[in-house]
Structures are given as C-alpha cells and as structure tokens.
Amino acid sequence: MEFPFFKLGNSTEALLCELSPLCLFFSSLYTFTITALPFCFLLQILCRFPRFYVVSLVHSKVFWVTLNSKFITVNRMAGDNDIFILLGLTHCPEVEVVLFVLFLAIYVTTLVGNIGIIMLIHINSCLHTPMYFFLSNLAFLDLSYSSAIAPKMLVNFLAQSKTISFTCCAMQMYLFAAFADAECLILAAMAYDRYVAVCNPLLYMPIMSRRVCVSLIAGAYISGSVSSLIHTSSTFSLSFCGSNVINHFFCDIPPLLALSCSDTHINELLLFSLCGFIQTSTFLVILISYAYVLAAILRIHSTEGRHKAFNTCTSHLIAVALFYGTLLFMYLRPSSSYSLDADKVVSVFYTVVFPMLNPLIYSLRNKEVKEALIRIFHKPHSQ
C-alpha cells in the first residue's frame, strides 16, 4: 500500500515552487556533497597511499572498512600489538557499576523508544506523511549510531581488560560517523519539510512527493557513508607507534589523532573541512528554512493560528539545538583547543543521551503521535 504523500503532483505551480531558491540551495547541497566527497577521498589516497578494501555486507546494507592486514601490521602500532585500550569515563570500580546501571537503562530506553516510533509510524496510516517518513529514518539513525557505541561501553564498565581490536575500532568509527553525518542531512531535510508545510501548505503534497522524499533520504545515507569512509581510511592509515591507550570510551577521530605519531595535519584538514561542510551547510539550510517559517508565522493574524503553526516546528527545533550544539563544539575547533577529558563528557550526550531523548521530544510534543498512541492502547479495551 502506497503512502498518500507518494503521489506525484504535476501542476506547473508546484514545479515552479520546487525550483525556488531554497529548494535549489538544498539540492545543490546534496549534489555538491555527493560529488565532492570522492575528490576528497582521492586526495587522501594520494597523500597517504593506504591500502584498503571496501566490502558490502548484503544483509545490513552498510559499508564496512576492512583494512589490508599487511598495511595494518606495518602502520598501526609498534611491535605486534593489534589492540587499543579504551580508557573510558572513570577508573573507579564503584562508579563504573553505577554508570553501567545508568547507561544500560538509557540504552534500553533508546531501543524501546526509537523502535516504538518506527513501528508506530509503520502501523498508523494517519502518520504516513513526509514528516513522519523522515522521523522514522531519524529514529533508525539514533538507534543505529547509539548501538555502535553503547554495547561496547557497557561491556567495558564491567570488564577488567577494556580492549578493542584494531579492526573493530575502525568499524565502530565508520558506523558512528556514517550515521551521525546522515542524521545531519536528515535534520536539514526535516527543516525543509517544515518550510514547505508552513509556507506553501496547499502545495505540500505535490512538492514533498515520493521522489523528493526518497531522494533526500538516499542522499543523506550516501553522503554519510562516503564521508565516513574518508575519515576512517585516513585515520587508520596513520602510524600508532607509541601508546595504544585511547583517552575515550569509543573510537572517535580526535583521540586517535592525538594518539598517532604521524603527521596529522592532513587528517585535521579533512576533519575540519568535511565535518565543517556537512554540519555548517545543513545548519544553514535549517536556519534559512526556519527564517521563512518564522516570517510566515508572524504574518498569521490569529494567536491560535500562530500557536498551531509554531507547535509543528518546536520538536524539531529542540532536537536540532541539542544535536548541533554538541557536534559543532566537538568537531569544529582547532586542535590546540581540544581537551579530551572534557570532550568525553560532551560525547556522552550526543552518542548516548540524545538518541534516548529524541523519541520523547517528538512524542510528548506531537499531538498526532500522542493520538496514535492513545488509539493503540485503547483499541483492545474497545473490542
């Protein structure tokens, strides 16, 4: 059964609206991202000459970076050491037990909340709209990149040996970066969706067609995957000839660059340019979209109408503020200002806490989601 918003509109007015400056800017962002990333990838290869293979896992449909074993042995660390040690959040065993219980509860809540959002949108035809199509993908990304970090972190809270293999470290970095970059682009797509809904409500369905929605989602996943591939391959082409202790609770780029004994200027340039482009450009799309939305809301004469229009955007604005605030702080600073201990605390929020909060934000502040939940829970009693 097709979703209602999957029907294409063919009016001339809708076509002209699709070619509006904001839509052209958003399309240019996707086109430039997808076409520019391979050139950055080529630059990285020419500078480092890493040998690696990329294989596709059919069942997960996720690209994994598997580094050539000979290359790893030569460049990763001195000797035959093939593991990293994750320092974690604390060294105190009593505190680690408390943190294990706390983060286990957070992770279980994340799983239940995001899977619940996906299932709720799937089984309720009233939620088969572009906004909830994007929301279900956002829930999937929150679930995915949290699952790339949380299980290993929970194990390390109770383990005596807090180690991670070289290959698993590369996989963890790749998955997290791919899902996080894709989330930036989907948050921008959701902002554009709100712009069309508020500023062009009569043309909403023709503009946000199946082709447009699927293209935005596909562009987000492709861009995130390629960007993450560049970061992961460039990071793991470095030499790690000293300590193998990572001052973090997962394999993130900044602590690994700090650990390397190679020249990391190219890596820092790639990190700043790619993350800077994706994060700032998508954030710019969000700002422009909501500038139009705010202008449209201020033109509404009735207080009730303004309140209703603004309520359609508040959940997304809260999610954007939380997510982008921490990401911009983490990855768009010069290396001289990095404090790994402080960064670990900030990382906890966007890797573990925010994926738990997003389902609560979108469900508690969304009338349609709350009504769908009420219908589900009251349905057995009415039969």
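The backbone N, Cα and C atoms fix where each Cβ goes, and this holds for glycine too.
TrEMBL does not curate its annotations; it predicts them automatically.
Copied over from TrEMBL:
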TRANSMEM  21-46  transmembrane segment
TRANSMEM  97-120  transmembrane segment
DOMAIN    113-362  domain 'G-protein coupled receptors family 1 profile'
TRANSMEM  132-151  transmembrane segment
TRANSMEM  171-192  transmembrane segment
TRANSMEM  212-230  transmembrane segment
TRANSMEM  269-297  transmembrane segment
TRANSMEM  309-332  transmembrane segment
TRANSMEM  344-364  transmembrane segment
Spatial neighbours of the transmembrane segment (309-332) far in sequence, C-beta under 8 Å, 6+ residues away: 138, 180, 183-184, 187, 190-191, 194, 197-198, 253-254, 271-272, 275-276, 279-280, 283, 286, 290, 293, 296-297, 300, 343, 346-347, 349-350, 354, 357-358, 361-362, 365-367
Contact between the transmembrane segment (212-230) and the transmembrane segment (132-151) (3 or more Cβ pairs under 8 Å, separation 6+): yes
Distant-in-sequence neighbours of the transmembrane segment (97-120), which means Cβ under 8 A and at least six residues beyond its ends: 89-90, 127, 135-136, 139-140, 142-143, 146-147, 150-151, 153-154, 157-158, 352-353, 355-356, 358-360, 362-363, 369, 372-373, 376
Per-residue pLDDT averaged over the domain 'G-protein coupled receptors family 1 profile' (113-362), given as an integer: 87
